[in-house]
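Let me begin by presenting the structure, written as structure tokens, before commenting on it.
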Amino acid sequence: MASIPEKQALILPLFEKLTSLTKETPPRAQWDPRLAGVGVLPRGTLFSCFHEKHLLEATKLFKVLYSPESFNDFLQLAREARVVVNEGLFAYAFSVAVIHRDDCKGVTLPPIQEVFPDRFVPSETINLAMKEAKNDPNSDIVVDVQETGNILDPEYKLAYFREDIGANAHHWYWHVVYPANWDAVFTGKTKDRKGELFYYMHQQMCARYDCERLSNGLTRMIPFHNFKEKLEGYAPHLTSLVSGLHYASRPAGLCLRDLSELEVQDVERWRDRILDAYHLNHVHDRENNDVVLDAEHGADILGAIIESSSDSVNRRFYGSLHNWGHVMMARMTDPDRSFEENPGVMSDTSTSLRDPIFYRWHRFVDNIFQEYKATLPSYTADDLNFPGLRIVSVQVNAKSQNRVRTFLKQEELVLSHGINFGTEHTVKVHYNHLDHEPFSYTINVDNSSGAVKHATVRIFLGPKCDELGNILEPNEQRRLFIELDKFHKELGPGLNTINRNSVESNVTVAHTYTFDELREGKLAPEDATEYCNCGWPRHMLIPKGTHRGMEFQLFVMLTDYTVDNPCGGAGKIVCADAVSYCGAKDQKYPDTKPMGFPFDRPTKIHTAEEILTPNMSLTDVVIQYVGHE
């Protein structure tokens, strides 16, 4: 039986040079009979896991690749599929299969940004790299990334966030770990609270986006809300090397338009049915039975319906609001495909974060969840308190106390694993991303209970003021709080000091292994899983802040771990890199509290002091942007 390094070496080549495959495929008579149901989506077409037919074919291919009993049979079948199915569809379905097959445990996927660099790097930059490689084929090539806009567009101030390679890769990877059409019966593996996680992960991205807007002197975003409104323009500056066509730009002033597969009124109807559901406090399943939207399962049920996923209780009635919204926005310039143009970046999980409309659309989706949350009772002091524990003080340790500096840091991306430049030498691009200085938390806690307490430490960060400089009221601020960390801590009687480094955050991914590292045999730990590689990029943990220093509030809360842990005790999570966003391997989601607790429900208070219990703390911190590293 092949070892993990041997399997890694066999799988890597299947991801290389996918942008250079030809459209010609072998005759169907020569295909493995198990591939009979795939190959419908033409090669050279942009694959979208939001599109119902694309996702259906990808699910068929995944099941074909998941079924072989031996690794060798799986690998041979994947090699055959690679040359007959759509390039993007293959990368998606093959990735889902690799990270879920038991015999691929320990195998690490190469970074999607190296597999399809054309989804992450502006076409002007790739064009420059091609010229340099042609002119100097005997040397390694390094080019600088080209700008995609200018100050005439206010949104360009946020290009560093929207176009961040790690953030876009995270979004692609999350949808690979949590496929919309996941079949728990077929695989025997359940994705616990998948619908609620869909809601929470995207809510957090919207909160982070608004924090970045405030950091750049912009107002908070205006949610999408009207299916007939004229939308802002956007130009992605990306060209698909699979099709040779640009990702569609969107001129300002266009509205959503009917597609050949679906009309705008269908999506409006789905929205209305979902809104009716939470007002009535129940949804209708396929047999027309009422399913109650209770506090424990309501968000999970709604998440499956809104996305929609295979867990939807009634997809035929509630439709697929989120997914078709992505498709409609991506095809606004060519809704009926009469011009045979590529869709826009909203069609692809690895590119959609680049478009400002992504955040407005997801804030619209999040508002539906918030309407449901408003039907639940607000948390009381008894719900929030942890008797016997009192937070004495909280401090952020960096070069200056309670002040963290951010900056732009240069990084490099290898293009030549995904693109054929006609040279054996390496071709790289240099780009900048936001980063921050190392920092840690010191939390002093008094345990007056006389016994050992197991606590869940929850750390959030939110802006203190709005765009006008007014202090945010708690009900506004709660939707802007971003989760920084959540971890278990044992607290003895008396005074305890908790020290926690920011690099230990459970929302960020520790390391992304490159093609070269994987080829050299650098592997993740043996107990690593797909969940270890899923997570928000570490360098984007905190917002940019301002040159003068922007005021934020650090919220720390202690809750009872013996109640929070679904195992009921101090159980170990096998893979704990980014459990808040990505869950845990073969276990229940490792926190019984609602995701985002205690900020998931509206509150009627006007000041934080009205609800702060002894086990909570609010500390003013400053984030200062200092430019390039």
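Backbone N, Cα and C atoms are what each Cβ position is placed from, and that goes for glycine too.
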Residue among CYS532, CYS534, CYS567 that, according to Swiss-Prot, closes a disulfide with CYS582: CYS534
Same-site Cu cation 1 binder from HIS202, HIS225, given that Swiss-Prot records HIS171, HIS175: HIS202
Annotated companion of HIS322, HIS326 at the Cu cation 2 site, Swiss-Prot, chosen from HIS297, HIS362: HIS362
Where ASN447 (N-linked glycosylation site) falls in three-state DSSP terms: strand
Additional residues surrounding Cu cation 1, by Cβ distance to the HIS171, HIS175, HIS202 centre under 8 Å: HIS170, TRP172, TRP174, PHE198, MET201, MET205, THR349, SER352
Rounded to the nearest Å - Cα separation of ASN506 (N-linked glycosylation site) and HIS326 (Cu cation 2 binding site): 29
HIS362, CYS534, CYS582 screened against HIS202 (Cu cation 1 binding site), Cα within 10 Å - retained recorded positions: HIS362
Cβ neighbours within the same chain of HIS362 (Cu cation 2 binding site) - under 8 Å, at least six residues apart: HIS202, GLN203, MET205, CYS206
CYS582 (disulfide bond) to HIS171 (Cu cation 1 binding site) - Cα separation in whole Å: 11
Lowest local Cβ density among HIS175, HIS322, HIS326, which the record lists as binding-site residues, within 10 Å: HIS175
